[in-house]
């Protein structure tokens, strides 16, 4: 199938959902060569990925991951990355706030690819054991309401793709598949994208996936998160129907002060870990505000509240009551205990 797919792509022809799924199945089963994988990824990038191609690839990659089955539906909040802005770990900080609201969070992430500090890097710097197996992460999610799935542990079949990706050295569809391939089958998702056009594709791809409620967000300043330095664009999907498309949200409308992008910049893992802990401990300022905004959007996705404005108030209450910090401390303690046997 991969040879036929490459032939179609170089002619500018898009693949169907089923064709792209068949190609990914061959790749994940180790039935393709590195040269074929490199040619496929390059041809797909040059043509430009369609929503159906993205969904077909993502559905198989998720199915081939090491799965986690939870007793209740879970939420994931993640930025695709690649915005080049180097903010602190906004989504990761927000994850503890969301968990503090009683939403089960299955955070799926990796080390930094294009930024200085990925979710895995900052969690490790906080003392969390990031390389837990599926059963151990499930215990974290069920017992304390939040767990972290380190992508290399949960996607062993990516070993077939890694050499080709490294050798061709360009951004490929795999750079955007991570947020769509949560091993716990997150039914609720907030996904940040670095470009508007990518938001259009991702929300359309989610229509072909097993998702109950999702928001795709983009800061018009370039952030792959909701921004407080300018307006943000959101796309919303509920029960496989797109109900918002390129809807604009202003921080001022939400009662938040608009600040420069510099105010939410981050650094290396140790610095970002201190920032995360300070925010969850109640520190005020722009970094708290951007976490409140993104946590609020995720709380709306989880159907905890009806509007983002309502979610901001709830997120602030969760932080100020110490519930978010408690989730962080609990995950540090439990992950270390599980890792030590």
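Note: Cβ is positioned from N, Cα and C throughout, glycine not excepted.
Here Swiss-Prot flags 79, 110 as anthranilate 1 binding site, drawing on sequence analysis. Sequence annotations record features per position, and here Swiss-Prot assigns 5-phospho-alpha-D-ribose 1-diphosphate binding site to 79, 82-83, 87, 89-92, 107-115, 119. Per Swiss-Prot, the feature Mg(2+) 1 binding site maps to 91, 225; the stated evidence is sequence analysis. Here Swiss-Prot flags 165 as anthranilate 2 binding site. The annotation Mg(2+) 2 binding site is assigned in Swiss-Prot to 224, 225.
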Pairwise Cα distance for residue 79 (anthranilate 1 binding site)/residue 224 (Mg(2+) 2 binding site) [Å, integer]: 5
Nonlocal neighbours by CB distance (under 8 Å) for residue 110 (anthranilate 1 binding site), same chain, sequence gap 6 or more: 118, 119, 120, 150, 151, 152, 178
Three-class DSSP secondary structure - residue 225 (Mg(2+) 1 binding site): coil
Sequence-distant neighbours of residue 114 (5-phospho-alpha-D-ribose 1-diphosphate binding site) in its chain (C-beta under 8 A, six or more apart): 81, 82, 84
Binding-site residues near residue 225 (Mg(2+) 1 binding site), in sequence order, restricted to 91, 111, 165 and a 10 Å Cα cut-off: 91
Where residue 114 (5-phospho-alpha-D-ribose 1-diphosphate binding site) sits in the secondary structure, as DSSP reduces it to three classes: coil
Most crowded position, judged by CB atoms within 10 A, among 108, 111, 165 as binding-site residues: 108
Cβ neighbour count within 10 Å of residue 224 (Mg(2+) 2 binding site): 28
Reduced DSSP assignment, residue 87 (5-phospho-alpha-D-ribose 1-diphosphate binding site): strand
Around the Cβ of residue 79 (anthranilate 1 binding site), the count of other Cβ atoms that are within 10 Å: 27
Whole-number Å value for how far residue 111 (5-phospho-alpha-D-ribose 1-diphosphate binding site) lies from residue 165 (anthranilate 2 binding site) (Cα to Cα): 16
Separation of alpha carbons, residue 87 (5-phospho-alpha-D-ribose 1-diphosphate binding site) and residue 224 (Mg(2+) 2 binding site) (Å): 10
Surrounding CB atoms that lie within 10 Å of the CB of residue 87 (5-phospho-alpha-D-ribose 1-diphosphate binding site), all protein chains: 25
